[in-house]
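**Student:** Here it is, the structure in full.
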Amino acid sequence: SQVSFEEESQKQPVVGHWKPLMPSKGNKEELETGCQDAGGVSETQSTEQLNVSRLRSSSVEIREKGSEFLKDELHKAQKELKLKDKECERLSKVREQLEQELEELTASLFEEAHKMVREANTKQAAAEKQLREARGKIDMLQAEVTALKTLVITSTPSSPNRELHPQLQSPSKAGFRKGHGRNKSTSSAMVSAASQNVAPEPVSRECREVDSILFAEFQAWKESPTLDKSCSFLDRIYQEDIRPCLDFTKQELSELVRVAVEQNTLTIEPVASQTFPVVKVAAEECGGPKKCALSGLPRTCKHRIMLGDSGNYYYISPSCRARITAVCNFFTYIRYIQQGLVRQDVELMYWEVMRLRREMSLAKLGFYPSEM
């Protein structure tokens with residue numbers, strides 16, 4: 001057939017004929033099909049490579065953008081951290097300043113409180129001292145009033161009462177009686193002299209002669225009476241009478257008693273009229289109703305003493321009480337002279353001082369009235 005002829009002619013070209021330059025229809029289709037197959041494979045590979053490159057580029061871009069974002073965030077965080085550090089530093093300075101101000105305020109408050117307490121204690125001590133002095137003056141004035149009342153009632157110019165006029169009787173009976181009518185040493189002698197109406201003892205005749213040295217010292221002291229023991233008059237009496245009379249076995253307590261007598265803060269009271277208090281110091285130091293605190297010996301103690309406002313009582317024997325009372329009487333008399341309450345001649349006052357010195361000497365030697 002014509003078709004088969006054409007195929008054979010295509011397979012075996014005829015000699016002497018030109019090969020057609022243009023392919024036939026069938027060849028064109030085959031060529032196009034082959035080209036299409038080869039083009040499809042290459043296009044797929046290129047597409048995949050393009051996708052891979054795109055993925056790579058996109059991942060690199062994402063990484064770059066992510067790193068930039070992280071850098072920005074890190075930078076922001078560092079800035080915020082610096083701001084926080086500055087704020088913390090500022091707050092720390094504020095806290096330190098507040099703590100320092102609080103410490104200064106606390107210290108100033110404590111100092112002010114201590115200052116107020118010191119001032120209050122000073123004022124209280126001054127007020128208590130003034131109160132004690134006022135009470136002593138009141139007791140003294142009451143004793144003077146009592147003595148004057150008794151003088152007015154029992155004495156007249158025509159028949160004077162020699163018991164109440166020391167200048168009209170011998171110096172051994174003039175002045176102050178022994179013993180304490182009251183508890184305080186300031187008014188004991190005056191009250192007992194004014195309140196006790198004791199019959200005068202027979203006057204014993206004795207010879208007396210004024211010692212020129214002692215009298216001169218007393219006259220010099222009388223010109224400007226003082227309780228300063230540096231003057232020659234009181235210095236002699238301290239050395240010869242007061243210190244020996246108040247020299248007990250318990251040296252420390254003896255010194256406290258001497259200071260209390262000098263400062264007029266000693267109180268003597270009978271034991272029977274008071275209940276036994278609870279003392280703040282050891283019982284050995286205070287003694288007891290059967291033991292003297294000053295001598296340390298077993299004695300029947302009818303009286304006890306208190307030094308100032310300490311609240312501690314010390315039981316004393318009659319002999320120790322007589323010695324303390326003798327010294328108190330001496331200080332009471334020279335205080336009255338210093339205050340201008342004794343209106344007597346200088347010589348009479350001198351002999352009264354000598355009598356009080358004799359009482360201290362006798363008490364030191366152990367002589368004392370039985371009523372002690």
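Positions of Cβ are set from backbone N, Cα and C atoms, glycine also.
Just lifted these from TrEMBL, have a look:
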COILED    67-151  coiled coil
COMPBIAS  42-52  compositional bias 'Polar residues'
COMPBIAS  156-172  compositional bias 'Polar residues'
COMPBIAS  184-197  compositional bias 'Polar residues'
DOMAIN    43-149  domain 'GDP/GTP exchange factor Sec2 N-terminal'
REGION    1-52  region 'Disordered'
REGION    156-197  region 'Disordered'
**Student:** Please compute the mean pLDDT of the model over the coiled coil (67-151).
**Tutor:** 88
**Student:** Go ahead and report the DSSP secondary structure tallies for the domain 'GDP/GTP exchange factor Sec2 N-terminal' (43-149): helix first, then strand, then coil.
**Tutor:** 107 helix, 0 strand, 0 coil
